[in-house]
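Read through the structure below, which is laid out as structure tokens, and then see the notes.
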């Protein structure tokens, strides 16, 4: 823009122009210092626009009417301060009762299964046609049902995510690598058929139950209700119940494990590949209560992760994946010195046990090798006899059995198990054997420990079908036959799934306030439920994050740097903790800074602790209103009323006939006394009735506006809405539903803007943090819907005005077209106070840029329409930088410990590709051919094999991997209403004015565009990956957060029969060696 001084200068002669140019050059970047944007003019524009837009928002939302109606009832309401400790104790009690019901259902299954097995006599010739979950309803080319594939009636059931199920019968899944008619499986399926009536009875007693099942130690999986299983594209169902966490956790006790891997020269080629896969399968069987390390040996010892020399680490998913990456780097050479490795393994287990950090329960050494030249009895005598508390599990790799006897003896002499793994296809089944050995003490003790898993995603649904987080309660099933008691035979594990949303139903969201929430963690500090848990990421379609089930509380409540809250909850304490928090909203782009009070206690009967967070201020208060049922029912009948679908006003799960009811329908039936079996929250319903009565007049108000066509002639305002603290909503459309610009708004798919189990709507939460009487304006960030950003949402909070306490009782708002909103802005910016009508400055001038930004720095209006929704710092970096320096805005650093970052990885066709059963089979076939050629022609093909099987393709593949990031958010300083500034750039001075829009969260920014100031970089909100150097990575690996061990431990039992150790057939030749532990015992007394 050209100012009056400049125009004056322009009229002078050539000499004056030259003098001015020389002066500008002398001043450097302090130029155009007289060219200021008039603050008074910008103030006028801001005032005009603010008044106009508030008038529209207040008028169409009906905010003043609603505030007036609540004010009229103010004398009839009681305001109470929420007692957080009493609240969390009551919620924990509710959850205990729910968990107890689920545990009892599982206990009934255990009793029925053990009784059925006790009565059954094994019949090797038993022929029994059972319902095979893969084959049911399948026909051959002649139209006849396949064997094991009889007709099995299936019908969609909304209680089971609308999957087709049979609620009268269970069916059986058998892993692809097992024979459907194996006598052991047929007998097991036959006697477990008696579980059907218990499944049905459990479901009748507790209709909120979902999947119930029995996972057999033989490998089959009986599931109720029956459902058809579909193979993958290769015709394979890789699911093996024995490899699931609920099975392993229930079957065994926590354990410390050292895995020894032979990497001597004889292990080259396929043997090393099988060894790696064996290690990987062992890692799959380890859970969060276990600890491990991997040591390779030849002439020397090599820790797979050198940083963890001489210690063990928790077997969480992150650590296991870290070790898997190192497995790919193993290579074979030299000779194997097993004695050194065994000495090291025993010392590591002993030293780690003394730290008190491990499982303090079972201990084991897993030995993976192609042979042993000695029995190393002196080492076992030194470290392990006579107690034999460290079990030895030996895995002989390859078909040769020359050194098998020594390995068998080691396992049998140390209460372990020996297996031989000849091909990749053998790995899974052989690895599983050790779990049944570790289960023996528990079986002999006959201790039916109840176990609960961490949260995981329902495997019956694809990730893009919806998020169903759940936990499983499971119990082991034992053989009760007296003759097998000392053998400790585990029959399997029974369990049932508990959706996390069931836990959330026990939580009265209306008592937690607008920003309040409940959360629960496991004994390891991992999140069971928390509104900030984000298990999925999007890349084309929704996918599970690799480590979603082991997100620690400290990774979402990261402001608690000393883990005070986390550690208190892990240790099952009851108490209170307070801290300032930075809660992100609106897809993480905005931040609310507040102080939270946390209340916590333990949940008895489960390894979980419960917490409640209440935000200070209005979040700590609750009020009770009172109206008659007749009044309330009348106003609930209005068609514009809806209730939060995910809130539990009435329990519609207790009786099947109630499942089809919406919460609003259930309340109406309950109040009318038509459904005496309905159980409802009387206190919440009373407040719903109150809100319905108080907000009822707004329906007529909106209707009158809609009928007056001249009021909204250009149809700029499209929707008016309100929500109350009880989850009650009212909506009014000023245009036809098909004409709405944003078709998703206030619909179930727009999770951010509706009441759900985790949070209040975004427009409600943001309005609550605004100054009472002002509106918060925002545009939705793009989420793939083309026209979604073409609207502006305005909302304001309604408060019960009281001298001391002012709880937010409701929020109202409107949604209008962005074009309508922007037109109002440009109209206001053309006004000026000049009497002659000639404005000194205008947003139409080429020398200025005008913006409308919100309190988080996002652009709502710009002359360049494509900048709408962008962060102001990316467009005007120099101005934003100056605003930060001046204190008009402040930068807040945030952290995301659940992020996914792009990483370049060398793709490999070696070990990981062999997880596929068919690839495993082909690899095994290739190995056999290689061995045959070696035998016939004595020609060394190892180098050919090795290069073909384990060489990595020389190409980089970009993948998304879990990472930690930090990123900024920006918040305006409320006390600063207006600011002017000049920025010294390289060859010019850039002036700007920022002016707050009255009664809003908006700011008008007018910037001198003639000075580009390109030397100042844009300010971006892009997250930056936090990269840890090697020493810090090592420290993070070693660091172990406080955890609580499971209360039960069954590490060993004196009556255990250790003779079944996988090597009984050849023990006779080694009787003398087997007597060594006994001799050692005698001499040690």
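Here the Cβ of each residue, glycine as well, is placed from N, Cα and C on the backbone.
Values in this document were obtained by computation on a predicted structure and should not be read as measured data.
Taken verbatim from Swiss-Prot:
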BINDING   262, 264, 266  divalent metal cation binding site
DOMAIN    256-438  domain 'VWFA'
DOMAIN    452-543  domain 'Cache'
CARBOHYD  166  N-linked glycosylation site
CARBOHYD  309  N-linked glycosylation site
CARBOHYD  547  N-linked glycosylation site
CARBOHYD  626  N-linked glycosylation site
MOD_RES   918  phosphotyrosine
MOTIF     262-266  motif 'MIDAS-like motif'
SIGNAL    1-33  signal peptide
TOPO_DOM  34-1062  topological domain 'Extracellular'
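Features recorded in Swiss-Prot, as mapped to the structure shown.
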residue: 166; record: N-linked glycosylation site; Cβ within 10 Å: 19
residue: 262; record: divalent metal cation binding site; Cβ within 10 Å: 25
residue: 264; record: divalent metal cation binding site; Cβ within 10 Å: 20
residue: 266; record: divalent metal cation binding site; Cβ within 10 Å: 20
residue: 309; record: N-linked glycosylation site; Cβ within 10 Å: 13
residue: 547; record: N-linked glycosylation site; Cβ within 10 Å: 18
residue: 626; record: N-linked glycosylation site; Cβ within 10 Å: 13
Residue 262 (divalent metal cation binding site) to residue 309 (N-linked glycosylation site) - Cα separation in whole Å: 18
Nearest of the recorded positions (266, 309, 626) to residue 547 (N-linked glycosylation site), judged by Cα-Cα distance: 309
For residue 264 (divalent metal cation binding site), the one of 166, 309, 626 that lies nearest, given that the glycosylation sites are compared by Cα: 309
Euclidean distance between Cα atoms of residue 266 (divalent metal cation binding site) and residue 309 (N-linked glycosylation site), Å: 26
Additional residues around divalent metal cation, ordered along the sequence, whose Cβ is within 8 Å of the centroid of 262, 264, 266: 263, 265, 267, 298, 332, 335, 336, 369, 370, 371
For the motif 'MIDAS-like motif' (262-266), the number of residues DSSP places in helix, strand and coil: 2 helix, 1 strand, 2 coil
Segment-level pLDDT (mean, integer) for the motif 'MIDAS-like motif' (262-266): 96
Residue counts (helix, strand, coil, in that order) that DSSP gives for the domain 'Cache' (452-543): 18 helix, 39 strand, 35 coil
Between residue 626 (N-linked glycosylation site) and residue 166 (N-linked glycosylation site), the C-alpha gap once rounded to whole angstrom: 46
Alpha-carbon distance [residue 166 (N-linked glycosylation site); residue 266 (divalent metal cation binding site)] in Å: 54
DSSP-derived structure type at residue 309 (N-linked glycosylation site), helix or strand or else coil: coil
Per DSSP, three-state class assigned to residue 547 (N-linked glycosylation site): coil
